[in-house]
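Heads up: the structure comes next, in structure tokens.
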Amino acid sequence: MSGYIKDTKWEKSKMPAHQSRSRTRDRGNVLNRPEFLSLNQPLRTGNAEVRGSVRRPGQTKPQPSQQSEQEPAEGGKDRRESLKLPEEDCMQLNPSFKEIAINSLLAIDICLSKRLGVCAYTSSSWGSVRSMVTLLALTGHGITWICGTLLCLTRSNTLAGQEVLVNLLLALILDVMTVAGVQKLVKRRGPWEMSPGFLDLLAMDVYSFPAAHASRAAMVTKFLLSHLVLAVPLRVLLVLWALLVGASRVVLGRHHLTDMVCGFALGFLHYSLVEMVWLSSSTCQTIISIGTFSWSPFY
């Protein structure tokens, strides 16, 4: 026994001074106590790491009672991590300047569109003139213009008039189909929750972006100004009508301001496409013959 004590003292005397001081410091460090073990552990980066699995040298192993106290805390943390919201539902702490600008513009657009929707309901501030604004918007509806063009085509007797009307009819069909396709892709709702009417469903004008009435009014106005000889007052009234038709849908709460602006731009694009593929008079006569079932391939 005395020999063992002497050997131990001899080993301690051979131990370097800095190791003995570090062990003494580790024993006196308060953070090495079991209740402060979680403060010394590295952050969890995945499921493979287990909390408390890494300990510094000199740390004492937690007692079973302390382990049982830590396990419920770890289970609660795991449950909280599993219930985290999806990434798209979380607010980004450092968004880019582009995202901030886009979100700000969208917020301003929604706010202004809601304020301008003064005829959205009969109980709105301008609800008494809602029927008149609805009638104005009806003059720019796709069904109205397609039916009117077909009626004029049946009563036209000149080749030049029929050529213009056939190309206008194709431009209207192109406008309806293109706007319906873009609306189906974007699926943007209007500033006010409203169900589309019967004519809107018939023309596939269900969503908000882009504004179909604004697109059609811009295309028809540009088309008529280019192919009809009109007096200056009539030209001014035609441009004013297009602007009022686009604005009427915003006042009725159907579209945002950006929907109306993009609708005008899309209408000018439709006009440019129709001008590029303009159908000649002979082609228009063939289309009319097919439509009236009087076309014969032998003549």
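Just so you know, glycine gets a Cβ as well, placed from its N, Cα and C.
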Q) Which of these ranges is annotated transmembrane segment in TrEMBL: 132-153, 198-219? A) 132-153
(Q) If I take every residue in the domain 'Phosphatidic acid phosphatase type 2/haloperoxidase' (163-275) and average their pLDDT values, what number comes out? (A) 93
Q: With Cβ distances under 8 Å as the criterion, find the stretch in 132-153, 165-186, 224-245 that has the most pairs with the transmembrane segment (257-279).
A: 165-186
Q.
Six or more residues beyond either end and a Cβ under 8 Å away: which residues meet both conditions relative to the transmembrane segment (224-245)?
A. 136-137, 139-140, 164, 213-214, 217-218, 264, 271, 275
(Q) Do any residues, 6 or more residues outside the transmembrane segment (165-186), come within under 8 Å Cβ-to-Cβ of it, and if so which ones? (A) 142, 145-146, 149-150, 152-153, 156, 203-210, 212, 215-216, 219-220, 223, 263, 266-267, 270-271, 273-274, 278-279, 284, 287-288
